[in-house]
Amino acid sequence: MAEEGPPPSTQTLDPIAQRKHAAMLERISNHHQSRLHASAARRSASAASPSFDSVAAFLDRFSELRRSIESDLARCRGAAPAAAADICSAPAIKPELEKVSASISDLERLLAENSYFLPSYEVRSSLKAISDLKEALEVANSELLPRKKFSFRNKAPKKESATLVKEIDERKVPDEEKSNLAVVRDTPGFRNEKGAVLVKKFRASEEDEGDFTLANLESCKVYLKGRFRALFVHRLKDCNVFAGPVLGSILIEEASNCVFMLASHQIRIHQATVADFYLRVRSRPIIEDCSGVRFAPYRLFYEGIDEELRVSGLGVETENWANVDDFKWLRAVQSPNWCLIPEDERLGSVNISEVTEQDNDN
Amino acid sequence: MGLLSIIRKIKRKEKEMRILMVGLDNSGKTTIVLKINGEDTSVISPTLGFNIKTIKYQKYSLNVWDVGGQKTIRSYWRNYFEQTDGLVWVVDSSDVRRLDDCRAELHNLLKEERLSGASLLIFANKQDIQGALKPAEIAKVLNLDAMDKTRHWKIVGCSAYTGEGLLEGFDWLVQDIASRIYLLE
Ligand SMILES: Nc1nc2c(ncn2[C@@H]2O[C@H](COP(=O)(O)OP(=O)(O)OP(=O)(O)O)[C@@H](O)[C@H]2O)c(=O)[nH]1
Ligand SMILES: [Mg+2]
C-alpha cells in the first residue's frame, strides 16, 4: 500500500484532468472578478452591512447590543415567575425568546463579519460573550417554556438519532481497537535519536514538495538547509534546531528545553515548556498549552539563504515574531506564558555554512 | 428532516445555504475558503475564533462559517451546528500522526443530532505535498464506511495551495444540498 508511484501533480495529469483543471482556474478567476464587482457595489451601498472605522466603534456597538440582549433576557425571566411555567404564559414568552435568539444570531454575524480586522483578544472575548448569551438563552428556554408542547415534535427524530448514535458506537469500537493506521507510512524525517548531529540538505528537486518530521529526539543538534513545504515537530528534549525557509506551516507539539530557529508562513506551538524561538513568520505565531517560551528574530545564515527566503516569500522581516497569540490566555494583559528574549541574552547570528550532510553522526 | 424545518428553509432568504467548515487546526480551512473566494492566501494566521464569508456560487449564496480548530476552541464548534445545510470536514493529509485525533473528532461530530441532516464533504487537503495520503487512504483511516447509511457524503482530494479539487468538492456539496432543500420548488 505504501509505494503507489509518484503523487499526482499538474504535469502528470491526463488531458481530461488537465482541461478540468484549466476550467477550474478560470472559474476561480471569474469568481475573483465578480467578487471585485460585488465589493464595489457593496461600497456604494454601504448601509447594507455596517463596517466600522475603528475597533473602538465596533466594541461600542457590540456591547450596546449585548446589553440590550441581556436586558431582554432578564425581562423574559422576570415576566414569567418560575412557578408559572405552564401553557398559559408560554404563548407570550415564546416569541420573546425567539426574538432574543434572533438578536444573538445577528450579534454573532456582526462579530464574524468583522473578525478579520479585529485584534485577536477582542475576537476571543467577544466570542466568549456570545457563547455566554447562548447559554443563558438555553437556560431561559428550559425554565420558561413548557416541555409538553415541545415533546410532541421532538420525540420522533430524537428516537431515531438515538439508535443512530448507537449504531455508530457499535461499529466504531472494534475499529478503534485495530486502528486503521496500518496504511500509514513514515514520511521523511529524523526520529528516535539521542545525542546526535542531524543534517538534511533539501535539493532543488524536492524543495517544493516535501514535508519533514522531527520526532522523539533528545540532546540533538538538527540542521535543515534548503527550502521545504511543511515541518512537523513532536517530542523534542534538549535539542537545537536550525532550519531554512518553510513554505507552508510548522507544527510543534511537546518540546522542552530547546532552541528553535525557524522561518515559515505559519507557526503553531503546542505544549512547549522552556524553549526559545528565533522566528521569521508571515502570520502571527500562536502558542497553546505552553509555558516559559520566549521569542526573538531569526538570525540564520548559510550560503544562498537570502535567495531561498526571498523566493519563499520570507525575504522581508514582518516583525511578527513578536506578535504571539496565546490560545490559553483570554485577557488583555500580557500572557504569563511567553515573553521576548532580552537582547543581551539572544544568540548572535548563527552561521551554519560549514555544516554538511557528511557531519551526520546518526 | 421534519416538515417544519422544510418550511423554515423555504422561508429563508432565497437560495441561501449555510456551510460549516471544521477540522483540526492547521488542516487548511481558512486557506480553502479564501482560495474559493479568489482572495489572497499568502498571509493567514491561525483562526482565533471564526470567520464568515458570503460566497456567490452558481445561483446560490453560500454562508460559509470557518471555525478555528485549535484544541482550546473546538468546544465552540457546537455553537454553529444550528441550521447547517452542509458540513465540510477538512483533513491535512500529510499530518499522519494526528489522523487518530482527526477520526475521533469527526465521529464525535457526527453523533450530533443537529447535524444529522447535513451533507458531509470531506476534503483530503494538501495533496500537493509529497507523501500526503490519498483520499482513499484517508477514507480508510477515518473509517468513513462506518458512517450511518443515510448520510450523504463524499471525500475529495484537494490542495488549497494549487486550487485542485476545490470546485469539484463544492460542486458536489451545493448540488447535494440543493436537491434536498429546494426540492419543493
Ligand atoms: N502545501 C499546502 N499547504 C497548505 C494547503 N492548505 C493549507 N496549507 C497551509 O497550512 C497551514 C494552515 O492553514 P490554515 O488555513 O490556517 O488552517 P486552518 O484549518 O484554518 O487552521 P485553524 O484556523 O487553526 O483551524 C497554512 O500555513 C497554509 O499555508 C495545501 O493544500 N497545501
Ligand atoms: Mg483557520
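For all residues, glycine too, the Cβ spot is worked out from N, Cα and C.
Positions annotated as GTP binding site by TrEMBL: B:Gly23, B:Leu24, B:Asp25, B:Asn26, B:Ser27, B:Gly28, B:Lys29, B:Thr30, B:Gly69, B:Asn125, B:Lys126, B:Gln127, B:Asp128. Annotated Mg(2+) binding site per TrEMBL: B:Thr30, B:Thr47, in sequence order.
Sequence-distant neighbours of B:Lys29 (GTP binding site) (same chain, six or more apart, CB under 8 Å from its CB) are B:Met21, B:Val22, B:Gly23, B:Thr47, B:Asp66, B:Val67, B:Gly69, B:Val88, B:Val90, listed in sequence order. Each of the binding-site residues B:Ser27, B:Lys29, B:Thr30, B:Gly69 was checked for a CB under 8 angstroms from a CB of chain A; none meets this. Contact annotation for binding-site residues (B:Gly23, B:Asp25, B:Lys29, B:Thr30) versus ligand 2: B:Lys29, B:Thr30, each with CB under 6 Å from a ligand atom.
Neighbour count (other Cβ atoms within 10 Å of the Cβ, all protein chains): 22 for B:Asp128 (GTP binding site).
Long-range Cβ proximity for B:Thr30 (Mg(2+) binding site), meaning a same-chain Cβ under 8 A and a gap of 6 or more residues, is found for B:Ile44, B:Thr47, B:Asn51, B:Asp66.
Put simply, the two farthest-apart Cα atoms among B:Gly23, B:Leu24, B:Asp25, B:Asn26, B:Ser27, B:Gly28, B:Lys29, B:Thr30, B:Gly69, B:Asn125, B:Lys126, B:Gln127, B:Asp128, the recorded binders of GTP, are 22 Å from each other.
Other Cβ atoms within 10 Å of the Cβ of B:Gly69 (GTP binding site) number 24 in total over all chains. All chains included, 24 other C-beta atoms sit within 10 angstroms of the C-beta of B:Asp25 (GTP binding site).
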